[in-house]
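Visitor: Pulled these from TrEMBL:
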- HIS130, HIS134, GLU153: Zn(2+) binding site (BINDING)
- GLU131: active site, proton acceptor (ACT_SITE)
- TYR221: active site, proton donor (ACT_SITE)
- 307-452: domain 'Peptidase M1 leukotriene A4 hydrolase/aminopeptidase C-terminal' (DOMAIN)
Amino acid sequence: QVPEGFTAVMSATSWEKQKDNTFVFKMSQPIPSYLIALVVGDIVSADVGPRSRVWAEPCLIEAAKKEYDGVIEEFLVVGEKLFGPYVWGRYDILFMPPSFPFGGMENPCLTFVTPCLLAGDRSLVDVIIHEISHSWFGNLVTNATWGEFWLNEGFTMYAQRRISTEVYGLPYTCLEAATGRALLRQHMDATGEDHPLNKLRVVIEPGRCVNPDDTYNETPYEKGFCFVSYLAHLVGNQSKFDAFLQAYVNRFKFQSITADDTLGFFLEYFPELKEKGVDSIPGFEFDRWLNTPGWPPYLPDLSPGQQLMRPAEELAELWAADSLNMEAIEAVDIMGWRTYQLVYFLDQVLQKSPLPEGNVKRLSKMYPKISKAQNAELRLRWCQIVLKNNLEAEYSKVKDFLHSQGKQKYTLPLYRAMWGGSEATRALAMETFSATAPQLHVNVQNYVKKILGLAAAE
């Protein structure tokens, strides 16, 4: 029962509103405890497909409907074709308050997402493919412990990119995967490759000082994706590996399993590979993948993305030159570039930063599509470039972005950049954190405090 004027929704297959503003929920399938989610608030809904609706506060509902109308069903249909039936009935999306620290939380029947996905031009709708992919990998087949989080996230990244390839084509998917690889590189550079969290099997035991929250980093996602891609590479045939994934989901559905279960089933499903001893190829041993920290031993081929990457790389080179060739720069039309091509371009500019004096100011003026973007992925990169180049005239954009949302993936890199910069950016960090700390999730608060030297992370 909730107060008048409020609505309750839950990760459940059915719900019913009764008298006295009482809501009753029923969940038909077994789920792990971390997927039980309940929300109460001033929220309304709008249908966006035959088995999907969006939920949001009244001020956001029109934007949410416009952004997602018709797209979720397309992703679900492709997912079913690849991985088998979608067993959860409905696929609804709830837009959380801006302080929500994650991009999405794949609660069955009702995915929670950040309002950062409402870019206004559908440029981030493909992010929901990741959460949809959890309907098979994570929700249906679940990691038994957070020490093997890659079983959820590595398989989900692989599934996401399979769906993306079907919907958007291989070049675009390879480009998106290249941005993921860049994030893994940044993470490993920041933590050190031999950090114990950079293993796929993390030991979480009393006295080991490993907080399960800390396993939420790029390693289980992107190194996990590389391991699943390596398994596909061993099979050598995409349709055979797709069939294996369906069999894997069918074999372990509604169960929590370990990596040994997964890899044992892989070798059982492909006895010819087991006979060849693919689990112990020198340098690529399954044991090494699981238990050795560091960079993945195998990287999937992303060369089909070159047709989208190369123009972005060449444009970044032009902007990094001491003397700008404006004729060549103006000959490149970025208006038709999709989000991840722009993200890749900005990643290249960031790697080359600081740029020669005045270049970033001109870049900002020439590309309002980037410097004035509402797309959170572009805003993050632009803010990083502003900080790396000490473009004080645009520090307000960094502050505005951090005031507008509290997503961990966007918040921590900007505080790291500010704290690693000049006295002015350090002052900006302290001022911004002082103003925004009360609206941040407690985990994000603690991580920022650690970056700023205010307290150890909890």
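Including glycine, each Cβ sits where the backbone N, Cα and C put it.
Locate each feature and note its surroundings.
Guide: The Cβ of HIS134 (Zn(2+) binding site) lies under 8 Å from the Cβ of GLU106, ASN152, THR156, each of which sits 6+ residues away along the same chain.
Using a 10 Å radius centred on the Cβ of GLU131 (active site, proton acceptor) and all shown protein chains, the other Cβ atoms total 24.
Neighbour density for TYR221 (active site, proton donor): within 10 A of its CB lie 22 other CB atoms from the protein chains shown. Secondary structure at TYR221 (active site, proton donor), as computed by DSSP, is helix.
Here the domain 'Peptidase M1 leukotriene A4 hydrolase/aminopeptidase C-terminal' (307-452) has, by DSSP, the following mix of helix, strand and coil residues: 110 helix, 0 strand, 36 coil.
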Visitor: May I ask for the distance between HIS130 (Zn(2+) binding site) and TYR221 (active site, proton donor), taken between their Cα atoms and rounded to an integer number of Å?
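Guide: It is 11 Å, counting Cα to Cα.
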Visitor: Could you name the residues, excluding HIS130, HIS134, GLU153, of the same chain that surround the Zn(2+) site, i.e. Cβ within 8 Å of the Cβ centre of those residues, in sequence order?
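Guide: Close Cβ neighbours, site residues excluded: GLY104, GLU106, GLU131, SER133, PHE137, GLY138, ASN152, THR156, MET157, ALA159, GLN160, TYR221.
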Visitor: Do me a favour and check the Cα-Cα span between GLU131 (active site, proton acceptor) and GLU153 (Zn(2+) binding site); whole Å is fine.
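Guide: The separation of the Cα atoms works out to 10 Å.
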Visitor: May I ask for the distance between TYR221 (active site, proton donor) and GLU153 (Zn(2+) binding site), taken between their Cα atoms and rounded to an integer number of Å?
Guide: 5
Visitor: Determine, from DSSP, whether GLU153 (Zn(2+) binding site) sits in helix, strand or coil.
Guide: helix
